[in-house]
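Taking it in order: structure first as structure tokens, then the write-up.
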Amino acid sequence: MVEKSWVLIVLVVFIMHGDESLASDPDPIQDFCIPNPKFGAIKTAHLSILPCKNSSEATADDFVFTGLKSSGNFTDTGLATFPVNPTIFPGINTLGISFVRADLKVGGINPPHFHPRATEIAYVVQGSVYSGFVDSNNRVFSRVIEQGEVMVFPKGLLHFQMNVGEKPATIFACLNSQNPGLQKIPSAIFGSGINEELLEKAFGLNHKQIGTMRRRFDPKTVN
């Protein structure tokens, strides 16, 4: 357990204090910024700016999060995720990080997706997970990573995971942005309203097949 905790700490420190030129979010201008619940968030194009409360009012509890002790709700792909950002963990506000717990049932998958604003480091807490990403030359970098191993997914590149073990798998991932963004490829293609004729020509599918895919990945009907 001590070894696992040490690895998680290293992951977070790496993302927070790695090469500043690679940082996805602006550098903070104070030690920390605990959001003040008395004021509403200021919306920008990609971020909600949360006004800080007086630093003298901060407590140790603001910098502790206990919500990752159990998994989230599973989808029909066998995946459960619990993303953590400043909205639910005030202590990481303005620090340029976020993280997520992901659980995979046996045979479960984390479908191809990407984060447009962040690099991700994924640490396998338990299980055997086939993991990989695709670069801009369509080259696949993939392998099975086991308990205690780590894989990095470069910023903006499509990546994926599948539990290939005989037991449930748990992954802890850190991202170097408090708002990394998430775009799932199937939903982006078939659930976004792209012109149907274009999709038919791009994928060699007929009208009925496109309809089936749209019903499956329409964000209004898929959790």
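A Cβ is built for glycine as well, from the same backbone N, Cα and C atoms used for every other residue.
According to TrEMBL, the signal peptide annotation covers 1-23.
Among the features that TrEMBL reports, disulfide bond is placed at CYS33-CYS52.
Positions annotated as domain 'Cupin type-1' by TrEMBL: 66-211. The DSSP breakdown of the domain 'Cupin type-1' (66-211) into helical (H, G, I), extended (E, B) and coil residues amounts to 22 helix, 60 strand, 64 coil.
Counting only same-chain residues six or more apart in sequence, the Cβ atoms lying under 8 angstroms from the Cβ of ASN110 (oxalate binding site) belong to THR77, LEU79, THR81, ALA102, LEU104, PHE160, GLN161, MET162. According to TrEMBL, the feature oxalate binding site maps to ASN110, HIS115, GLU120.
What TrEMBL lists as Mn(2+) binding site is HIS113, HIS115, GLU120, HIS159.
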CYS33 (disulfide bond): tally of other CB atoms within 10 A of its CB: 22
Binding-site residues compared (HIS113, HIS115, HIS159) - the one with the fewest other Cβ atoms within 10 Å: HIS113
Packing count at GLU120 (oxalate binding site) (other Cβ atoms within 10 Å of its Cβ): 24
